Amino acid sequence: MVPKPIIVTAPPVSSPPNPLLKNAVSTVKTEEKPTPTTPKTNPVPSIKTTPQQRVEIKRKTNSWVPTLMLNAFDNIINNFIDPPLKPSVDPRHVLSQNFAPVDELPPTECEVVEGSLPPCLDGAYIRNGPNPQFLPRGPYHLFDGDGMLHALRISQGKPTLCSRYVKTYKYTMENDAGFPLIPNVFSGFNSLAASAARGSLTAARVFTGQFDPSNGIGLANTSLAFFGNRLFALGESDLPYAVNVTPNGDVETIGRYDFNGKLTFSMTAHPKIDPNTGECFAFRYGPVPPFLTYFRFDPNGNKYDDVPVFSMVSPSFLHDFAITKNYAIFCDIQLGMNPLDIIAGGSPVGSVASKVPRIGILPRDAKDESMMKWFEVPGFNIIHAINAWEEDEGRTVVLVAPNILSVEHVMERMELIHAMVEKVRIDLETGIVTRQPVSARNLDFGVINPAFVGKKNSFVYAAVGDPMPKISGVVKLDVSKGDERRDCTVGCRMFGEGCYGGEPFFVAKEEGGEEDDGYLVTYVHDERKGESRFLVMDAKSPELDVVAAVRLPRRVPYGFHGLFVKESKLRKVVSL
(Lines of atoms letter the chains of each structure in order from A and count residues from 1; the text may use other names and numbers.)
(Lines give C-alpha, C1' and ligand atoms only; values in the text may rest on other atoms or scores of the structure.)
Protein backbone atom coordinates (compact mmCIF):
# COMPACT_ATOMS: atom_id res chain seq x y z
CA MET A 1 0.00 0.00 0.00
CA VAL A 2 1.37 3.42 -0.92
CA PRO A 3 1.67 5.59 2.18
CA LYS A 4 -0.18 8.87 2.23
CA PRO A 5 1.96 11.97 1.62
CA ILE A 6 3.40 13.50 4.77
CA ILE A 7 3.55 17.24 5.17
CA VAL A 8 6.55 18.21 7.28
CA THR A 9 5.83 21.29 9.36
CA ALA A 10 7.30 23.01 12.34
CA PRO A 11 5.30 22.33 15.48
CA PRO A 12 3.27 25.20 16.97
CA VAL A 13 5.12 27.20 19.57
CA SER A 14 3.99 27.06 23.17
CA SER A 15 4.67 29.69 25.82
CA PRO A 16 6.43 28.82 29.08
CA PRO A 17 4.10 28.92 32.07
CA ASN A 18 3.43 32.30 33.58
CA PRO A 19 4.21 32.15 37.32
CA LEU A 20 1.46 34.70 37.97
CA LEU A 21 -1.09 32.24 36.62
CA LYS A 22 0.05 29.29 38.69
CA ASN A 23 -3.34 28.93 40.32
CA ALA A 24 -5.45 30.00 37.34
CA VAL A 25 -8.72 28.23 36.70
CA SER A 26 -8.08 24.72 35.50
CA THR A 27 -11.01 24.67 33.11
CA VAL A 28 -9.47 27.31 30.87
CA LYS A 29 -7.89 25.78 27.79
CA THR A 30 -4.13 25.68 28.02
CA GLU A 31 -1.79 25.67 25.09
CA GLU A 32 -0.59 22.10 25.33
CA LYS A 33 1.73 21.80 22.36
CA PRO A 34 4.77 19.58 21.70
CA THR A 35 8.20 20.94 22.51
CA PRO A 36 9.57 22.87 19.51
CA THR A 37 12.15 21.04 17.45
CA THR A 38 14.20 22.09 14.47
CA PRO A 39 12.04 21.72 11.36
CA LYS A 40 13.14 19.23 8.76
CA THR A 41 14.22 20.89 5.57
CA ASN A 42 14.52 17.76 3.43
CA PRO A 43 11.49 15.48 3.16
CA VAL A 44 12.06 11.74 3.12
CA PRO A 45 13.02 10.86 -0.49
CA SER A 46 10.57 7.95 -0.76
CA ILE A 47 7.57 10.18 0.05
CA LYS A 48 6.09 12.30 -2.73
CA THR A 49 4.65 15.75 -2.12
CA THR A 50 2.60 17.89 -4.46
CA PRO A 51 3.75 21.39 -5.48
CA GLN A 52 0.95 22.86 -3.33
CA GLN A 53 2.12 20.85 -0.33
CA ARG A 54 5.71 21.98 -0.87
CA VAL A 55 4.57 25.62 -0.93
CA GLU A 56 2.69 25.04 2.34
CA ILE A 57 5.78 23.42 3.88
CA LYS A 58 7.92 26.38 2.86
CA ARG A 59 5.38 28.92 4.14
CA LYS A 60 5.03 27.30 7.55
CA THR A 61 8.78 26.72 7.87
CA ASN A 62 9.56 30.34 7.03
CA SER A 63 6.99 31.62 9.55
CA TRP A 64 8.23 29.42 12.38
CA VAL A 65 11.20 31.56 13.42
CA PRO A 66 9.33 34.90 13.66
CA THR A 67 6.52 33.12 15.49
CA LEU A 68 9.00 31.82 18.07
CA MET A 69 10.56 35.26 18.48
CA LEU A 70 7.26 37.12 18.78
CA ASN A 71 5.87 34.63 21.31
CA ALA A 72 9.03 35.06 23.38
CA PHE A 73 8.52 38.85 23.26
CA ASP A 74 4.90 38.34 24.28
CA ASN A 75 6.04 36.38 27.34
CA ILE A 76 8.47 39.13 28.30
CA ILE A 77 5.67 41.71 28.13
CA ASN A 78 3.28 39.63 30.24
CA ASN A 79 5.84 38.51 32.81
CA PHE A 80 7.97 41.64 33.26
CA ILE A 81 6.67 44.74 31.46
CA ASP A 82 2.96 44.47 32.25
CA PRO A 83 2.07 41.48 34.47
CA PRO A 84 -1.55 41.14 35.72
CA LEU A 85 -1.13 42.79 39.11
CA LYS A 86 -4.57 44.43 39.52
CA PRO A 87 -7.49 42.17 40.54
CA SER A 88 -9.60 43.62 37.70
CA VAL A 89 -7.18 42.15 35.13
CA ASP A 90 -5.81 39.15 37.05
CA PRO A 91 -7.13 35.95 35.38
CA ARG A 92 -7.07 34.13 38.71
CA HIS A 93 -9.65 36.60 39.99
CA VAL A 94 -11.60 37.42 36.82
CA LEU A 95 -12.00 33.77 35.72
CA SER A 96 -12.92 32.33 39.11
CA GLN A 97 -16.03 30.31 39.97
CA ASN A 98 -18.70 30.38 37.26
CA PHE A 99 -16.89 33.07 35.30
CA ALA A 100 -14.47 30.34 34.23
CA PRO A 101 -14.85 29.39 30.57
CA VAL A 102 -16.07 26.05 29.25
CA ASP A 103 -15.46 23.97 26.14
CA GLU A 104 -17.96 23.79 23.31
CA LEU A 105 -20.94 21.50 23.85
CA PRO A 106 -22.68 19.79 20.92
CA PRO A 107 -26.50 19.61 21.01
CA THR A 108 -27.38 17.73 24.20
CA GLU A 109 -30.84 16.81 25.43
CA CYS A 110 -31.88 18.32 28.76
CA GLU A 111 -34.32 17.30 31.48
CA VAL A 112 -37.31 19.38 32.54
CA VAL A 113 -37.18 18.97 36.32
CA GLU A 114 -40.01 21.30 37.30
CA GLY A 115 -43.29 22.15 35.59
CA SER A 116 -43.50 22.15 31.81
CA LEU A 117 -42.25 24.49 29.10
CA PRO A 118 -45.06 26.70 27.70
CA PRO A 119 -45.86 26.39 23.96
CA CYS A 120 -44.84 30.01 23.32
CA LEU A 121 -41.24 29.00 24.11
CA ASP A 122 -40.90 26.85 21.02
CA GLY A 123 -37.81 28.35 19.43
CA ALA A 124 -34.42 29.15 20.94
CA TYR A 125 -33.17 31.15 23.89
CA ILE A 126 -29.60 32.22 23.13
CA ARG A 127 -27.27 33.92 25.59
CA ASN A 128 -23.98 35.53 24.57
CA GLY A 129 -20.94 36.08 26.75
CA PRO A 130 -17.14 36.06 27.02
CA ASN A 131 -15.38 32.69 27.01
CA PRO A 132 -11.62 32.87 26.28
CA GLN A 133 -10.43 29.92 24.24
CA PHE A 134 -6.88 30.08 25.68
CA LEU A 135 -5.43 30.59 29.14
CA PRO A 136 -4.67 34.34 29.29
CA ARG A 137 -0.92 34.94 29.17
CA GLY A 138 -1.14 38.27 30.95
CA PRO A 139 -3.74 40.86 31.98
CA TYR A 140 -7.31 39.86 31.20
CA HIS A 141 -10.55 41.80 31.66
CA LEU A 142 -14.01 40.22 31.73
CA PHE A 143 -14.90 42.08 28.51
CA ASP A 144 -11.98 40.52 26.58
CA GLY A 145 -13.20 36.92 26.16
CA ASP A 146 -14.12 35.27 22.86
CA GLY A 147 -17.86 35.20 22.27
CA MET A 148 -19.69 31.96 23.05
CA LEU A 149 -23.38 31.37 22.40
CA HIS A 150 -25.30 29.12 24.81
CA ALA A 151 -28.48 28.15 22.96
CA LEU A 152 -31.41 26.24 24.41
CA ARG A 153 -33.49 24.98 21.48
CA ILE A 154 -37.04 24.05 22.52
CA SER A 155 -39.32 21.96 20.33
CA GLN A 156 -42.72 20.85 21.62
CA GLY A 157 -41.57 21.24 25.19
CA LYS A 158 -38.31 19.28 24.73
CA PRO A 159 -35.11 21.30 25.35
CA THR A 160 -31.65 20.81 23.85
CA LEU A 161 -28.57 22.82 24.94
CA CYS A 162 -25.67 23.69 22.67
CA SER A 163 -22.66 25.93 23.36
CA ARG A 164 -20.54 27.15 20.46
CA TYR A 165 -17.94 29.84 19.91
CA VAL A 166 -18.80 32.57 17.46
CA LYS A 167 -16.27 31.77 14.75
CA THR A 168 -14.98 35.30 14.34
CA TYR A 169 -11.86 36.04 12.34
CA LYS A 170 -9.98 36.52 15.63
CA TYR A 171 -11.19 33.20 17.01
CA THR A 172 -10.42 31.30 13.81
CA MET A 173 -6.90 32.68 13.32
CA GLU A 174 -5.95 32.08 16.95
CA ASN A 175 -7.51 28.64 16.94
CA ASP A 176 -5.48 27.70 13.86
CA ALA A 177 -2.30 29.15 15.38
CA GLY A 178 -2.82 27.49 18.75
CA PHE A 179 -2.12 30.65 20.76
CA PRO A 180 -3.40 34.25 21.11
CA LEU A 181 -2.47 36.66 18.34
CA ILE A 182 -4.58 39.77 18.93
CA PRO A 183 -4.07 41.77 22.15
CA ASN A 184 -6.85 42.30 24.67
CA VAL A 185 -8.35 45.75 24.20
CA PHE A 186 -9.64 46.34 27.74
CA SER A 187 -6.61 44.95 29.58
CA GLY A 188 -3.69 45.11 27.16
CA PHE A 189 -2.97 48.83 27.09
CA ASN A 190 -2.97 49.94 30.71
CA SER A 191 0.31 51.88 30.72
CA LEU A 192 2.58 53.69 28.31
CA ALA A 193 5.13 50.85 28.41
CA ALA A 194 2.45 48.19 27.90
CA SER A 195 0.86 50.13 25.05
CA ALA A 196 4.19 50.62 23.31
CA ALA A 197 5.24 46.99 23.77
CA ARG A 198 1.94 45.41 22.73
CA GLY A 199 1.53 47.89 19.91
CA SER A 200 4.94 46.89 18.55
CA LEU A 201 4.15 43.20 18.96
CA THR A 202 0.83 43.60 17.15
CA ALA A 203 2.48 45.48 14.28
CA ALA A 204 5.09 42.74 13.98
CA ARG A 205 2.43 40.01 13.86
CA VAL A 206 0.62 41.90 11.11
CA PHE A 207 3.87 42.50 9.20
CA THR A 208 4.78 38.79 9.35
CA GLY A 209 1.34 37.81 8.12
CA GLN A 210 0.03 36.17 11.30
CA PHE A 211 -3.26 38.07 10.99
CA ASP A 212 -4.87 40.81 8.90
CA PRO A 213 -6.71 43.46 10.97
CA SER A 214 -8.78 44.46 7.94
CA ASN A 215 -10.74 41.24 8.50
CA GLY A 216 -11.79 42.44 11.96
CA ILE A 217 -10.45 41.90 15.45
CA GLY A 218 -13.78 41.80 17.33
CA LEU A 219 -15.10 39.19 19.73
CA ALA A 220 -18.87 39.18 19.03
CA ASN A 221 -19.30 38.43 22.74
CA THR A 222 -21.96 40.88 23.91
CA SER A 223 -25.48 40.35 22.57
CA LEU A 224 -27.70 39.15 19.73
CA ALA A 225 -30.25 40.70 17.40
CA PHE A 226 -32.70 39.45 14.79
CA PHE A 227 -33.66 41.70 11.87
CA GLY A 228 -33.87 41.47 8.11
CA ASN A 229 -34.43 37.69 8.53
CA ARG A 230 -30.92 37.29 9.90
CA LEU A 231 -29.70 36.41 13.38
CA PHE A 232 -26.57 38.28 14.49
CA ALA A 233 -24.02 37.87 17.26
CA LEU A 234 -22.81 41.34 18.20
CA GLY A 235 -19.85 43.08 19.78
CA GLU A 236 -19.35 46.80 19.37
CA SER A 237 -15.72 46.56 18.18
CA ASP A 238 -16.53 44.82 14.88
CA LEU A 239 -19.15 44.10 12.26
CA PRO A 240 -22.02 41.75 13.15
CA TYR A 241 -21.55 38.01 12.68
CA ALA A 242 -24.48 36.16 11.14
CA VAL A 243 -25.30 32.94 13.01
CA ASN A 244 -27.98 30.28 12.90
CA VAL A 245 -29.56 27.69 15.20
CA THR A 246 -30.20 24.48 13.26
CA PRO A 247 -33.31 22.30 13.71
CA ASN A 248 -31.30 19.84 15.86
CA GLY A 249 -30.16 22.70 18.13
CA ASP A 250 -26.62 23.23 16.86
CA VAL A 251 -25.24 26.74 16.52
CA GLU A 252 -23.49 27.74 13.29
CA THR A 253 -21.50 30.84 12.45
CA ILE A 254 -22.41 31.91 8.92
CA GLY A 255 -19.91 34.74 8.68
CA ARG A 256 -19.01 38.40 9.13
CA TYR A 257 -21.67 40.56 7.51
CA ASP A 258 -21.20 44.03 5.99
CA PHE A 259 -24.70 44.61 4.54
CA ASN A 260 -23.55 44.55 0.91
CA GLY A 261 -20.53 46.70 1.64
CA LYS A 262 -22.48 49.52 3.30
CA LEU A 263 -21.24 48.82 6.84
CA THR A 264 -17.48 49.26 6.83
CA PHE A 265 -16.76 49.79 10.51
CA SER A 266 -18.15 48.61 13.81
CA MET A 267 -21.75 48.59 15.05
CA THR A 268 -23.35 48.82 18.48
CA ALA A 269 -24.19 45.62 20.33
CA HIS A 270 -27.60 47.15 21.20
CA PRO A 271 -29.53 47.96 18.01
CA LYS A 272 -33.23 48.74 18.44
CA ILE A 273 -35.98 47.07 16.42
CA ASP A 274 -39.26 48.95 15.94
CA PRO A 275 -41.93 46.27 16.58
CA ASN A 276 -44.43 48.01 14.29
CA THR A 277 -42.30 48.84 11.25
CA GLY A 278 -39.56 46.20 11.50
CA GLU A 279 -36.90 48.87 11.01
CA CYS A 280 -33.59 48.55 12.86
CA PHE A 281 -31.72 51.53 14.34
CA ALA A 282 -28.05 51.47 15.30
CA PHE A 283 -24.86 53.48 15.70
CA ARG A 284 -21.15 53.22 16.29
CA TYR A 285 -18.75 55.27 18.39
CA GLY A 286 -14.99 55.60 18.47
CA PRO A 287 -11.92 57.53 19.67
CA VAL A 288 -11.63 59.76 16.56
CA PRO A 289 -14.14 62.19 15.01
CA PRO A 290 -16.95 61.70 14.34
CA PHE A 291 -17.15 60.22 17.82
CA LEU A 292 -20.74 59.13 17.08
CA THR A 293 -22.26 57.89 13.81
CA TYR A 294 -25.94 56.99 13.55
CA PHE A 295 -27.55 54.75 10.91
CA ARG A 296 -30.60 52.60 10.31
CA PHE A 297 -31.90 49.65 8.28
CA ASP A 298 -35.18 49.05 6.49
CA PRO A 299 -37.29 45.97 7.43
CA ASN A 300 -35.39 43.86 4.87
CA GLY A 301 -32.02 44.72 6.43
CA ASN A 302 -30.93 47.24 3.78
CA LYS A 303 -28.74 49.93 5.31
CA TYR A 304 -29.29 53.67 4.85
CA ASP A 305 -26.44 56.19 4.71
CA ASP A 306 -24.43 57.08 7.81
CA VAL A 307 -25.29 60.20 9.79
CA PRO A 308 -22.10 61.48 11.47
CA VAL A 309 -22.72 63.47 14.66
CA PHE A 310 -19.92 66.02 15.06
CA SER A 311 -21.74 67.82 17.88
CA MET A 312 -20.47 65.07 20.17
CA VAL A 313 -17.16 66.83 20.80
CA SER A 314 -15.28 64.20 22.80
CA PRO A 315 -15.10 60.39 22.72
CA SER A 316 -17.72 58.86 24.99
CA PHE A 317 -18.31 55.23 26.02
CA LEU A 318 -21.70 55.10 24.30
CA HIS A 319 -22.73 51.48 24.78
CA ASP A 320 -26.50 51.76 24.35
CA PHE A 321 -29.25 54.15 23.24
CA ALA A 322 -33.04 54.29 22.89
CA ILE A 323 -35.66 55.09 20.26
CA THR A 324 -39.16 56.53 20.29
CA LYS A 325 -41.70 56.80 17.48
CA ASN A 326 -39.82 59.76 16.01
CA TYR A 327 -36.45 60.04 17.73
CA ALA A 328 -33.15 58.34 18.52
CA ILE A 329 -31.80 59.19 21.98
CA PHE A 330 -28.11 59.15 22.93
CA CYS A 331 -26.36 59.75 26.25
CA ASP A 332 -22.98 61.50 26.25
CA ILE A 333 -21.69 60.32 29.64
CA GLN A 334 -18.66 60.86 31.87
CA LEU A 335 -17.03 57.65 30.67
CA GLY A 336 -14.64 58.31 27.83
CA MET A 337 -11.38 57.33 26.18
CA ASN A 338 -8.59 59.38 27.71
CA PRO A 339 -4.99 58.80 26.50
CA LEU A 340 -3.64 60.44 29.67
CA ASP A 341 -5.28 57.74 31.77
CA ILE A 342 -3.49 55.06 29.74
CA ILE A 343 -0.13 56.75 30.26
CA ALA A 344 -0.81 56.87 34.00
CA GLY A 345 -1.55 53.14 34.05
CA GLY A 346 -5.32 53.30 33.87
CA SER A 347 -7.89 51.67 31.62
CA PRO A 348 -8.43 52.76 28.00
CA VAL A 349 -11.93 53.70 29.18
CA GLY A 350 -12.06 55.98 32.20
CA SER A 351 -14.21 58.58 33.92
CA VAL A 352 -13.97 62.31 33.21
CA ALA A 353 -15.15 64.06 36.38
CA SER A 354 -15.24 67.54 34.81
CA LYS A 355 -17.61 66.51 32.04
CA VAL A 356 -21.34 67.30 32.32
CA PRO A 357 -23.43 64.42 30.90
CA ARG A 358 -25.85 65.26 28.08
CA ILE A 359 -28.81 63.63 26.36
CA GLY A 360 -28.96 64.08 22.60
CA ILE A 361 -32.20 63.73 20.65
CA LEU A 362 -32.09 63.24 16.87
CA PRO A 363 -35.02 62.59 14.50
CA ARG A 364 -34.67 58.92 13.73
CA ASP A 365 -35.13 59.44 9.99
CA ALA A 366 -32.53 62.23 9.91
CA LYS A 367 -30.16 62.46 6.94
CA ASP A 368 -27.77 64.75 8.84
CA GLU A 369 -27.32 66.05 12.39
CA SER A 370 -28.77 69.53 11.77
CA MET A 371 -31.80 68.83 13.99
CA MET A 372 -29.84 67.22 16.83
CA LYS A 373 -30.68 68.76 20.23
CA TRP A 374 -28.53 68.31 23.35
CA PHE A 375 -29.74 68.69 26.95
CA GLU A 376 -27.42 68.78 29.96
CA VAL A 377 -28.31 66.26 32.66
CA PRO A 378 -25.70 66.54 35.46
CA GLY A 379 -24.83 63.25 37.15
CA PHE A 380 -26.75 61.09 34.67
CA ASN A 381 -24.50 58.29 33.43
CA ILE A 382 -26.00 55.23 31.79
CA ILE A 383 -24.48 52.13 30.23
CA HIS A 384 -27.80 50.50 29.31
CA ALA A 385 -31.08 52.11 28.28
CA ILE A 386 -34.38 50.36 29.04
CA ASN A 387 -36.98 52.21 26.93
CA ALA A 388 -38.16 55.63 25.78
CA TRP A 389 -41.35 57.13 24.41
CA GLU A 390 -43.08 60.41 23.59
CA GLU A 391 -45.82 62.21 25.48
CA ASP A 392 -47.80 65.47 25.09
CA GLU A 393 -48.22 64.96 21.35
CA GLY A 394 -44.48 64.64 20.88
CA ARG A 395 -43.44 67.69 22.92
CA THR A 396 -41.99 65.52 25.72
CA VAL A 397 -39.56 62.62 25.54
CA VAL A 398 -39.39 60.15 28.44
CA LEU A 399 -36.34 57.91 28.99
CA VAL A 400 -36.08 55.07 31.53
CA ALA A 401 -32.57 53.82 32.33
CA PRO A 402 -30.31 52.75 35.22
CA ASN A 403 -28.15 55.69 36.32
CA ILE A 404 -24.71 54.60 37.51
CA LEU A 405 -23.93 56.50 40.71
CA SER A 406 -20.28 55.43 40.86
CA VAL A 407 -19.13 55.75 37.27
CA GLU A 408 -15.44 55.78 38.23
CA HIS A 409 -15.68 52.07 39.17
CA VAL A 410 -17.22 50.78 35.94
CA MET A 411 -14.08 49.22 34.47
CA GLU A 412 -11.92 48.26 37.45
CA ARG A 413 -14.22 47.77 40.46
CA MET A 414 -17.52 46.48 39.11
CA GLU A 415 -18.45 45.17 42.55
CA LEU A 416 -18.69 48.80 43.71
CA ILE A 417 -21.13 49.85 40.98
CA HIS A 418 -24.59 50.95 42.08
CA ALA A 419 -27.12 51.69 39.34
CA MET A 420 -30.48 53.26 40.24
CA VAL A 421 -33.28 53.17 37.67
CA GLU A 422 -34.54 56.66 36.82
CA LYS A 423 -37.34 58.11 34.73
CA VAL A 424 -36.17 61.23 32.86
CA ARG A 425 -38.58 63.67 31.19
CA ILE A 426 -37.31 66.17 28.60
CA ASP A 427 -39.47 69.05 27.40
CA LEU A 428 -38.27 69.56 23.82
CA GLU A 429 -39.70 73.10 23.65
CA THR A 430 -38.46 74.56 26.94
CA GLY A 431 -35.40 72.35 27.45
CA ILE A 432 -36.46 71.58 31.03
CA VAL A 433 -35.29 68.16 32.26
CA THR A 434 -36.88 66.46 35.27
CA ARG A 435 -35.78 63.20 36.87
CA GLN A 436 -37.46 60.71 39.17
CA PRO A 437 -35.92 57.57 40.71
CA VAL A 438 -38.22 54.55 40.47
CA SER A 439 -36.19 52.21 42.71
CA ALA A 440 -33.26 52.58 45.09
CA ARG A 441 -32.01 49.01 44.54
CA ASN A 442 -28.87 48.20 42.59
CA LEU A 443 -30.44 47.26 39.24
CA ASP A 444 -29.22 46.83 35.67
CA PHE A 445 -29.91 44.68 32.58
CA GLY A 446 -33.47 46.02 32.49
CA VAL A 447 -35.78 44.58 29.82
CA ILE A 448 -39.37 45.06 28.69
CA ASN A 449 -41.92 43.31 26.52
CA PRO A 450 -40.24 43.76 23.07
CA ALA A 451 -43.61 44.76 21.57
CA PHE A 452 -43.36 48.03 23.55
CA VAL A 453 -39.95 49.21 22.32
CA GLY A 454 -40.24 52.94 21.60
CA LYS A 455 -43.75 53.11 23.06
CA LYS A 456 -45.06 54.04 26.49
CA ASN A 457 -44.91 51.02 28.76
CA SER A 458 -45.48 50.26 32.41
CA PHE A 459 -43.43 47.19 33.31
CA VAL A 460 -39.66 46.79 33.53
CA TYR A 461 -37.86 43.62 34.61
CA ALA A 462 -34.37 44.28 35.96
CA ALA A 463 -31.53 42.20 37.38
CA VAL A 464 -30.47 42.68 41.00
CA GLY A 465 -26.72 43.22 41.41
CA ASP A 466 -25.35 41.42 44.48
CA PRO A 467 -22.81 42.85 43.83
CA MET A 468 -22.30 43.38 40.11
CA PRO A 469 -21.54 41.56 37.91
CA LYS A 470 -23.31 38.77 39.84
CA ILE A 471 -27.11 38.73 39.59
CA SER A 472 -29.00 37.43 42.62
CA GLY A 473 -32.57 37.96 41.43
CA VAL A 474 -35.08 39.83 39.29
CA VAL A 475 -37.49 42.64 40.19
CA LYS A 476 -40.57 43.87 38.37
CA LEU A 477 -41.06 47.66 38.29
CA ASP A 478 -44.20 49.56 37.36
CA VAL A 479 -42.62 52.76 36.01
CA SER A 480 -46.06 54.29 35.41
CA LYS A 481 -46.03 54.92 39.17
CA GLY A 482 -42.76 56.86 38.91
CA ASP A 483 -44.45 60.23 39.32
CA GLU A 484 -45.81 59.18 42.73
CA ARG A 485 -42.33 59.53 44.32
CA ARG A 486 -42.21 56.04 45.76
CA ASP A 487 -40.51 52.74 45.05
CA CYS A 488 -42.15 51.22 42.00
CA THR A 489 -41.32 47.57 42.74
CA VAL A 490 -44.38 45.36 42.20
CA GLY A 491 -42.73 41.95 41.95
CA CYS A 492 -39.55 40.17 42.94
CA ARG A 493 -37.84 36.79 42.83
CA MET A 494 -34.48 36.09 44.44
CA PHE A 495 -32.66 33.00 43.19
CA GLY A 496 -31.59 31.78 46.62
CA GLU A 497 -28.37 31.38 48.57
CA GLY A 498 -25.37 30.73 46.33
CA CYS A 499 -27.50 31.00 43.16
CA TYR A 500 -26.86 33.67 40.55
CA GLY A 501 -28.35 34.34 37.16
CA GLY A 502 -28.17 36.83 34.35
CA GLU A 503 -30.22 39.27 32.37
CA PRO A 504 -33.87 38.19 32.12
CA PHE A 505 -35.68 38.15 28.79
CA PHE A 506 -39.42 38.63 28.33
CA VAL A 507 -41.38 36.26 26.06
CA ALA A 508 -45.05 37.09 25.48
CA LYS A 509 -47.67 34.33 25.69
CA GLU A 510 -49.26 35.65 22.54
CA GLU A 511 -49.06 38.69 20.30
CA GLY A 512 -51.31 41.57 21.26
CA GLY A 513 -51.86 40.41 24.83
CA GLU A 514 -51.48 42.42 28.02
CA GLU A 515 -48.05 43.97 28.49
CA ASP A 516 -46.95 41.67 31.32
CA ASP A 517 -48.75 38.52 30.16
CA GLY A 518 -45.76 36.32 29.46
CA TYR A 519 -42.67 34.71 30.88
CA LEU A 520 -39.19 35.71 32.01
CA VAL A 521 -36.40 33.33 31.03
CA THR A 522 -32.77 33.22 32.13
CA TYR A 523 -29.93 30.88 33.07
CA VAL A 524 -29.27 30.44 36.81
CA HIS A 525 -26.23 28.75 38.36
CA ASP A 526 -26.06 27.15 41.82
CA GLU A 527 -22.47 27.63 42.96
CA ARG A 528 -22.86 25.16 45.82
CA LYS A 529 -23.98 22.29 43.61
CA GLY A 530 -22.11 23.37 40.49
CA GLU A 531 -25.39 23.03 38.57
CA SER A 532 -26.99 25.35 36.02
CA ARG A 533 -30.67 25.60 35.14
CA PHE A 534 -32.86 27.36 32.61
CA LEU A 535 -35.57 29.13 34.60
CA VAL A 536 -39.02 30.16 33.33
CA MET A 537 -40.94 32.63 35.52
CA ASP A 538 -44.48 33.98 35.30
CA ALA A 539 -43.93 37.69 34.51
CA LYS A 540 -47.44 38.62 35.64
CA SER A 541 -47.29 37.18 39.16
CA PRO A 542 -46.11 39.30 42.14
CA GLU A 543 -43.47 36.75 43.12
CA LEU A 544 -42.50 35.92 39.52
CA ASP A 545 -43.46 32.30 40.16
CA VAL A 546 -41.34 29.58 38.58
CA VAL A 547 -43.46 27.68 36.06
CA ALA A 548 -40.66 25.50 34.63
CA ALA A 549 -37.03 24.64 35.26
CA VAL A 550 -34.64 22.74 33.00
CA ARG A 551 -31.54 21.05 34.41
CA LEU A 552 -28.68 21.74 32.02
CA PRO A 553 -26.13 19.00 31.19
CA ARG A 554 -23.26 21.19 32.35
CA ARG A 555 -22.77 24.64 33.81
CA VAL A 556 -23.33 27.78 31.75
CA PRO A 557 -20.88 30.56 32.70
CA TYR A 558 -22.17 34.00 33.63
CA GLY A 559 -22.44 36.22 30.58
CA PHE A 560 -24.03 39.29 29.08
CA HIS A 561 -27.16 39.62 26.96
CA GLY A 562 -29.61 37.09 25.54
CA LEU A 563 -32.42 36.81 23.02
CA PHE A 564 -35.38 34.51 22.44
CA VAL A 565 -36.17 33.76 18.80
CA LYS A 566 -39.47 32.11 17.90
CA GLU A 567 -39.52 28.95 15.82
CA SER A 568 -41.25 30.82 12.99
CA LYS A 569 -38.37 33.30 12.81
CA LEU A 570 -35.67 30.62 13.01
CA ARG A 571 -37.14 29.08 9.89
CA LYS A 572 -36.71 32.38 8.05
CA VAL A 573 -33.00 32.80 8.80
CA VAL A 574 -31.13 33.29 5.54
CA SER A 575 -27.49 32.64 4.77
CA LEU A 576 -25.07 35.18 3.35
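Each Cβ is built from the backbone N, Cα and C atoms, and glycine gets one as well.
Just so you know, TrEMBL annotations are computer predictions that nobody has curated.
According to TrEMBL, the protein has these features:
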type	residues	note
REGION	1-20	region 'Disordered'
REGION	25-51	region 'Disordered'
BINDING	His270, His319, His384, His561	Fe cation binding site
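Other residues of the same chain near the Fe cation site, with their Cβ within 8 Å of the Cβ centroid of His270, His319, His384, His561, are Thr222, Ser223, Thr268, Ala269, Asp320, Ile383, Ala385. Non-local neighbourhood of His384 (Fe cation binding site): His270, His319, Asp320, Ala401, Pro402, Asp444, Phe445, Gly446, each in the same chain, at least six residues away, with C-beta under 8 Å from its C-beta. A simple way to gauge crowding: the CB of His561 (Fe cation binding site) has 22 other CB atoms within 10 angstroms, across all the protein chains here.
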